[in-house]
Every structure is written in C-alpha cells, then in structure tokens.
C-alpha cells in the first residue's frame, strides 16, 4: 500500500497505498478550504519534504508486486514499471502544482469539490473508504507470505498470520494507538534500505538469458501488469497535503517532487531489472521475490531478516491505513455521504469506533472469503488499484479546471494517461463504478442524517 501513511492514496497504500488519513480531513473541509498564496508559515524545505513524500509513495506492496507483474507480463513487466514511472511524472507535477496554488486546500476530495461539486467529493471518499477492506487484507497477506517460508508454515499457518496481523491492527486502532509520523518515516526508510540491499546484492547475478523470451504474453500482458502495478505508484497526492508545511510551497514543493520522482524511479526500475535478470522464471512463481534477491548476497540469513522487515512494514501500513480509513468514514457520515450512525468519533482526538467496526466486519468477511476460496493477492490488489486509479483520475481532472497555463496542460496529459491506465484495469473497473453508484445513492438518502449528526456533535461539544 503506497501512500497509506497520510495521503489519500491508500490504502496502498497503499494498499501507500497512500492512505485515507488525510482524506478524512479532506471530507471535513472540502466545502471551506480557501485559496492562499505562497509563504504559509511552514518550515519544511526540500530535503525534509522529499523524505515525507517518499514516505507517502513507498509502501510494502512493492514486496510482492514484482512477482505479480512478472506473472502477468514476464520480462516485459519492466516496460510496465517504466510506463507507470512515466505516468507518475505529470501526475506528481500536477499535484505539486495544486499544492503550490492551494497551500492549505487539502487533497483530492477538496479539489474534486472545488472543480466538480460536493457529490463528486463524496464519491472519491467512498473509493478511499471501501478500498480499505480490499487493500488491508492484501497488505496482511504480503507480510504473512514472507513469514510463512521463514517459519516453515503451510497454508493454514499463513492464513493464521494474516488474520493475526489484521486483528492486531484493528485492536490497536480501537485502543486509539496509531503510529507517529516519525515511525512511519522510519518504516519507509527501512523499505527503501531493503530495496537497495536487494538490488545491490542481486545485480552481479543478472543473467541476460533471463530476459528472453521478453514478452511471452504480448502487449496485453504488459497492460495487465500496469493495472496491478499502480498499487505501488499511488501517494503523489501527498504533495497537495504537505504543501502548507513548506516554507515556500511553490519552490520547495516542486524540488521535493522532482527528487522523489528520481529516487522512486531508481529504486523501482532497479528492482524490476534485478528481479527479472536474477530470478528469471522464478519471478513469476515465487511470491517472495525480495527474499530470493537478498539470498544472493546474504545466504540463508536473508529469509528471516526479510520476514521480520515484511511484518513490520505490513503492520505499520495496515495500522495507518485502517486509522485513516476509519476517520474518513466518520467524516463522510458527518457530511451525509454515509449513514449518520457512523459519524460518532469524527471529532479530532476521538476514536471512530463505529466506523472501525464496519471496516473490521467487511475486512474480516473479505479475508475469510479470499482464504476459503484460495483467492490470492492479485485480484485484491487489482481491485484496490482500480479504486485508487479512479481517485487519481478525479484529482488530475479537477486540476484541468483549477490550474491555468502550463499547469493545466500538464494536468490534461496526466488525465489522459490516467484514463489509459484505468482502461488497463479491465473488469476491475466494476468495483469503483459500483461504489460510485452506491455512494451517490446513499448520499442522497443520508444528507439529512449527516446534518443531524453535525448538529448533535455541536450540541455535545464534539
């Protein structure tokens, strides 16, 4: 889940997916955010901003995605990684431009409300919220997938670790325990270090023969790989959330975005080349590609080390994604986009227990169904990617209305490319389409209860 730490991407999460934490605040202020100019009184400069943006984009989904992409496209999955990086350039620049123009304007939901109205903002909220029960099980499965071979666990043991991670994350959130921002950054740094170590350890073992046949599944395989890989590229909207924290958003935010793009590009392309060139056909069959890469340099010690890192990264991501998703659900209910009964706990500092319970029930049911039917990571991550790609499409489309000049032209390119990516999601587009229809229906029914919940909250001091 890329971007799941504090951005609306995730369930990533990303999910970085990117995450729903800030999206909850978006829903609360979507109607009231005002345009402000540069010089917001923030303290972030280029280096600090780059670190925070990397934390928004990098997520543990990348521990499994090289395997899924290779299974879909073979060595040609490298083209899918490169295509997603190319897409990231106009998308990242667009969100940076939005953040520079609206330094206190929130994120995608706010921009959607500005450009298209509150109903579109409500739909984006639904995509965030209901991506949680899809992305969170995927994150837990990734961690369990690395633990199982290290401990010699079978299918039942892997499922037990998956449910254990989910139970621990939901219990922590019900107790009001969340990871501090510094811990999230440390986890992102751990992931970056793990990727670098894997690539450096494996590159000497690259064999040219592993790149042939290059495209065994043709261009359709590359398209399918692109659809699932979007899971690793959400989180660029974090630029718009961080903008108010920069001393000079227009200058420092653009530099931080460019540096983040460069670092992510080197990490992801290096990983894609190493996985393909070293593992060959094993890249498409092994769900733990990083463990195999590290084994090239560290031997048998790589398995346990990677397993511990995977558990920490997965738990951190799903804990934060659940926290942000639960708060988003309460905020959506307060504003009438979800039933008003879920609005309890929407106030800052409170725990949205009802929203958490709904997410726990949905997540548990989906995970149990996936385990019972033998459904793996691929469909869960594709469904999550479709929702998050739809969110990104709304964000960059909103920018074509909110920006002017070169910024608008870049946003138009980003919109066109994101729509192409959406097309690669194929039947998984039914997930965001169905959520959009349900969100619009419930928003019409629940608008009165949302106002009532806000009134009740004010009356009770919450």
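Note that Cβ sites are derived from N, Cα and C of the backbone, with glycine treated the same way.
Range annotated as transmembrane segment by TrEMBL, chosen from 12-33, 78-99: 78-99. Range 257-281 is the one annotated as transmembrane segment, of 107-131, 257-281 (source: TrEMBL). Residue ranges 218-236, 237-255 are listed, and TrEMBL annotates 218-236 among them as transmembrane segment.
Listed by sequence, the residues of this chain that lie at least six past the ends of the transmembrane segment (185-206) yet keep a Cβ under 8 A from its Cβ atoms are 5, 51-52, 54-55, 58-60, 62, 179, 263, 267, 270-271, 273-274, 277-278, 290, 293-294, 296-298, 306, 309, 312-313, 316-317.
Most Cβ pairs under 8 A with the transmembrane segment (410-430) among the ranges 51-72, 78-99, 150-173, 218-236, 257-281 are made by 78-99.
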